[in-house]
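Undergrad: Below is the structure I would like to discuss, written out as structure tokens.
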Amino acid sequence: MSASIGNAATAIMKRRGDLPWAAGGWIFFVAENAILSENRTWLIAELGDDRYHLVYGTLSTIATASIGYSFVRLRRQHKIPESTLRLVPRSPMVFGGAWVVLTLGLTMATQGLPKFQIPVGMSSEQKLQVRCPFDFKEPPRPDHSLYGMERVTRHPGLWSLGLAGLGQALLIPPAALPLKIWWCGPALVAWLGGAHTDSRFRRNMGGTLDPMMDAQTSNIPFGAMMMGQQGNPATSFQNLVTEELKPLNAVMAAAASTVWVVLQARRFRIR
């Protein structure tokens with residue numbers, strides 16, 4: 001049994017040529033976006049606005065296509081038979097960590113959606129009424145105040161994908177290392193891409209970053225909150241969870257990640 005596991009792992013790890021495919025597409029995506037956006041003014045002056053956007057769109061399309069191709073390639077070449085997976089021992093701590101990170105990512109993603117609500121309720125006359133499952137009303141908020149996912153990161157869209165990717169990377173067995181690396185790519189984009197966007201906006205290149213927002217928020221999730229840049233960390237976290245979070249959205253995100261992690265855990269031998 002141990003020999004079969006070792007042979008399968010050795011055979012997979014010998015495919016060293018797949019490591020560049022695992023990271024190359026993501027690195028190219030970050031690099032071309034950073035270079036073209038950093039030199040935007042000069043390139044537009046040299047090429048014109050239309051040609052600049054043509055070059056930008058072409059390179060971004062190539063980078064995205066290479067990311068997609070590498071995933072298909074790695075998934076096919078590093079597919080481990082189910083019979084072998086059931087022999088691979090894995091710690092429950094791995095799946096617990098994957099669930100936490102994946103739930104954070106999905107929760108951040110669902111917070112950008114309209115607020116989910118139970119589609120039935122009681123009217124003021126105490127009569128049962130059917131209502132829309134989405135609440136499209138924006139909650140009232142004071143001007144220039146932090147609210148919701150802004151407390152967590154300046155780039156919730158990027159980091160929702162990044163954290164979801166890290167959660168999936170934890171679920172991939174170590175024998176499929178190139179595929180694990182591929183799933184870390186969205187976090188790389190969020191980290192470096194978010195940092196570069198902040199840098200450009202501080203210099204008023206392509207956008208602006210309000211100094212107060214800059215001082216109270218961070219690119220890395222929960223960084224500013226934990227460092228006390230929003231006041232007492234416990235109070236800030238409490239405000240986020242009890243007053244600003246869309247609760248049913250978060251519950252649905254947690255439920256989805258729970259189902260996915262349980263399905264993945266059943267493929268392995270938990271020890």
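Using the three backbone atoms N, Cα and C, a Cβ is placed for every residue, glycine included.
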Undergrad: For the feature transmembrane segment as recorded in TrEMBL, pick the matching range from 31-51, 52-72, 220-240.
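TA: It is 52-72 that TrEMBL describes as transmembrane segment.
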Undergrad: Please identify the range among 93-113, 177-197 that TrEMBL labels transmembrane segment.
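TA: When 93-113, 177-197 are checked in TrEMBL, transmembrane segment belongs to 93-113.
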